[in-house]
Amino acid sequence: MHNQKALVIFSGGQDSTTCLLQAIETYGRGNVQAITFQYGQRHAVELERACWIAQDLGIPQTVLDLSLMQHITRNALMSDGAEIQTAENGIPNTFVDGRNALFLLYAAIFAKGQGIRHIIAGVCETDFSGYPDCRDIFVKSMNVTLNLAMDYDFQIHTPLMYLTKAQTWKLADDLGRLNYVREHTHTCYNGVIGGCGECPSCILRERGLAEYLAEKP
Ligand SMILES: [Zn+2]
């Protein structure tokens, strides 16, 4: 795959960092780019981490401002002080309507302009927090839509789709980057460096890591 180019949708979290490291391995460092979206997330630390990692890995990164999202939808990830809860329908209030559809659309527009067909997203339906746009069926449908919209043969890859968090840690370890991901990625909903240990995101991350380390030979 070293003669093809890839674009990774990159947030600086565990999942997308693992995807980025895997893409570097698969396509070669010189063929990989990252795209990062800013949409009024509560915590600047997330964006700061994403920029630091991209720079550290020597990957060209495009940061796109989608803060207009704040004008059309409300959400606990974007508003300061809102408590993270799960609604009766099982969808947490950290869900941002349309987010992955928008991300994939903007990523595809950018990718086509760069002659990139492969788009990589760290979405996952296994430890699925109830986000409808993390499901494989959504990504496949979006892939078809993008190909039709731009008359281009995009291939969206979601390497984490059916992995548990423990398996995602294993993937990072297989890439020789377990400690890198552990030390440098940011996943906490509360924006605590090193993790608050209490939010759903920290709990998932820590439980997965403990599970992986316990199984590791
Ligand atoms: Zn946390």
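Using the three backbone atoms N, Cα and C, a Cβ is placed for every residue, glycine included.
Curation plays no part in TrEMBL annotations; they are all automatic predictions.
Per TrEMBL, ATP binding site is recorded for PHE10, SER11, GLY12, GLY13, GLN14, ASP15, SER16, THR17, THR18, CYS19, LEU20. Secondary structure at GLN14 (ATP binding site), as computed by DSSP, is helix.
Per TrEMBL, Zn(2+) binding site is recorded for CYS188, CYS196, CYS199, CYS202.
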Check your understanding: Which site among LEU20, CYS196, CYS199, CYS202 has the most other CB atoms no more than 10 Å from its CB, taking these as binding-site residues?
Key -> LEU20
Point to revise | Surrounding CB atoms that lie within 10 Å of the CB of GLN14 (ATP binding site), all protein chains | key: 25
Check your understanding: Do you know which of the binding-site residues GLY12, GLN14, CYS202 end up with C-beta under 6 Å from ligand 1?
Key -> CYS202
Review point. In DSSP terms, helix, strand or coil for LEU20 (ATP binding site)?
Key: helix
Review point. What residue among the binding-site residues PHE10, THR18 has the most other CB atoms lying within 10 A of its CB?
Key: PHE10
